[in-house]
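Participant: For reference, Swiss-Prot lists these features for the protein:
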DOMAIN    1-63  domain 'LCN-type CS-alpha/beta'
DISULFID  C11-C62  disulfide bond
DISULFID  C15-C36  disulfide bond
DISULFID  C22-C43  disulfide bond
DISULFID  C26-C45  disulfide bond
MOD_RES   G63  glycine amide
Amino acid sequence: KDGYPMDSKGCKISCLISDTFCDTECKMKKAKSGYCYSRGLACWCEGLPENVEVWDKATNKCG
């Protein structure tokens, strides 16, 4: 699956322009790849395993 990975507080992992940083963060969660989604200023992962939690507006616990 694809989605925004979360930090330990349930927030999206923010980024500015570093695709390398996001790619590393995503691969640590077993994704195929990741990049910095500039509109959201957050990392976006592609190819995550189904059991990895991703940020969802409906279940947002960040803050």
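In case you wondered, yes, glycine gets a Cβ from its N, Cα and C as well.
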Participant: Limited to the domain 'LCN-type CS-alpha/beta' (1-63), I'd like the whole-number average of pLDDT.
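Facilitator: It averages 93.
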Participant: Of the recorded positions C11, C36, C62, G63, which one has its Cα closest to the Cα of C22 (disulfide bond)?
Facilitator: C36
Participant: Would you mind checking how many other C-beta atoms are within 10 angstroms of the C-beta on C11 (disulfide bond)?
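Facilitator: Taking every protein chain into account, the count is 15.
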Participant: List the recorded positions among C11, C15, C43, G63 whose C-alpha is within 10 Å of the C-alpha of C26 (disulfide bond), in sequence order, or say none.
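Facilitator: So far as Cα distances go, the recorded positions lying within 10 Å of C26 (disulfide bond) are C43.
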Participant: What kind of secondary structure is C36 (disulfide bond) part of, going by DSSP in three states?
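Facilitator: Its secondary structure by DSSP: strand.
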Participant: Starting from C36 (disulfide bond), work out which of the recorded positions listed here (C11, C62, G63) have their Cα within 10 Å, and give them in sequence order.
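Facilitator: Cα filter at 10 Å returns nothing.
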Participant: So how many other Cβ atoms are close to C22 (disulfide bond), meaning within 10 Å of its Cβ?
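Facilitator: Here the count is 24.
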Participant: Report, in whole Å, the straight Cα-to-Cα distance of C15 (disulfide bond) from C45 (disulfide bond).
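Facilitator: Cα to Cα, C45 (disulfide bond) and C15 (disulfide bond) are separated by 13 Å.
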Participant: Hey, which of the disulfide-bonded residues C36, C43, C45 is the loneliest by Cβ count within 10 Å?
Facilitator: C36
Participant: Check each residue in the chain of C15 (disulfide bond) that is at least six apart in sequence and keep those whose C-beta is under 8 Å from its C-beta; list them in sequence order.
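Facilitator: The answer is F21, C22, C36, L41, A42, C43.
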Participant: Considering the disulfide-bonded residues C26, C62, which residue's Cβ sits among the greatest number of other Cβ atoms within 10 Å?
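Facilitator: Of the disulfide-bonded residues C26, C62, the highest Cβ count within 10 Å belongs to C26.
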